[in-house]
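A short worksheet on the structure shown next.
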Amino acid sequence: MMFSIEDRALGGFLGLACGDALGSVVEFCPRGSFKALDDMRSGGKFRLPKGHWTDDTSMAICLAESLTAKPDFDPMDQMNRYYEWASTGKNSSLPYTFGIGKQVAFMLGEFKKTGNPYTHRTDSKYSGNGSLMRLMPVILRYHRSPEDVFKYTELSSKTTHATAEAIQSCLYFSKLILRIFQGLPKEQLFKNEDALQFDKLTEICLGGFKNKKSDDVGSVGYVIDSLEVALWAFWNTDNFRDAVLMAANLGDDADSNASICGQIAGAYYGVTNIPKNWLDCLYRKEDIENLTLQLLKM
């Protein structure tokens, strides 16, 4: 498929937000406990209007605003923006902050105490998906230099999630998005040799997700499970809508899983493949579009 970098970039960032908004309705719902989603709708634990999103997109916007405002990657500025969101509700889709993850909340508290923008928590039990769910702005900002993408992908993760599992998941995801930007077909995105680089992701790199049933993929927020859900849904569908619906309908951490899937599916299929009625109701759609185009120009 031939798409411009703008089509793919807009698809990736808007896809993140659409997946987040879609999945928010069934976030925290155990798998199989709800009627499957078939479209964007309102509701969920936070009673969000249709097209409104959660912490995934809030943090991605904070990150994008930092990357466009600062000439260089600035972790202090990023953490200050995350803290402002968490404490005031700026860049939330409601007048207040909601849905903030435990690891992110802990790290923002530590940041205000110590001034250190990087987390010291490297134990695998802290391997949530909070750095993967917001990643797309980093890839867009540095897409011309794979070396910079990988360098700043790792540093972006380390502000809140510094485990090997979180960092490797983000790095592998960045590699996949760059391959999409190069125009590779889906069948050529996944290479067995990636397993040599990402020892925590061996099964995923070898394509273990491709033929799994829904009961065999986890959906509760562990970063490797979230990566697998996103790739499983992306692989087993042929359009953006079906991919993010498949990810969201697993329930549990549905918004984050669908936002991660939305990034890769949106980049692959382009912004024109995102349902128009989803984009029409997406909160702050124009702001996300403008940030995307600014990131590409830097």
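Glycine is no exception: its Cβ is also placed from the backbone N, Cα and C atoms.
What TrEMBL records for this protein:
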- Thr54, Asp55, Asp56, Asp253, Asp255, Ser256: Mg(2+) binding site (BINDING)
Cβ packing number for Ser256 (Mg(2+) binding site), 10 Å threshold: 32
Cβ atoms near Thr54 (Mg(2+) binding site) (within 10 Å, other residues, all chains): 28
Site of maximum Cβ density within 10 Å, from binding-site residues Asp55, Asp56, Asp253: Asp56
Beyond the site residues Thr54, Asp55, Asp56, Asp253, Asp255, Ser256: chain residues whose C-beta lies within 8 Å of the centroid, for Mg(2+): Asp20, Gly23, Ser24, Glu27, Trp53, Gly99, Gly101, Met133, Ala254, Ser259
Structural state of Asp56 (Mg(2+) binding site), classified by DSSP into three states: helix
Distant-in-sequence Cβ neighbours of Asp255 (Mg(2+) binding site), under 8 Å, six or more positions away: Gly19, Asp20, Ala21, Leu22, Gly23, Ser24, Glu27, Trp53, Thr54, Asp56, Gly99, Ala248
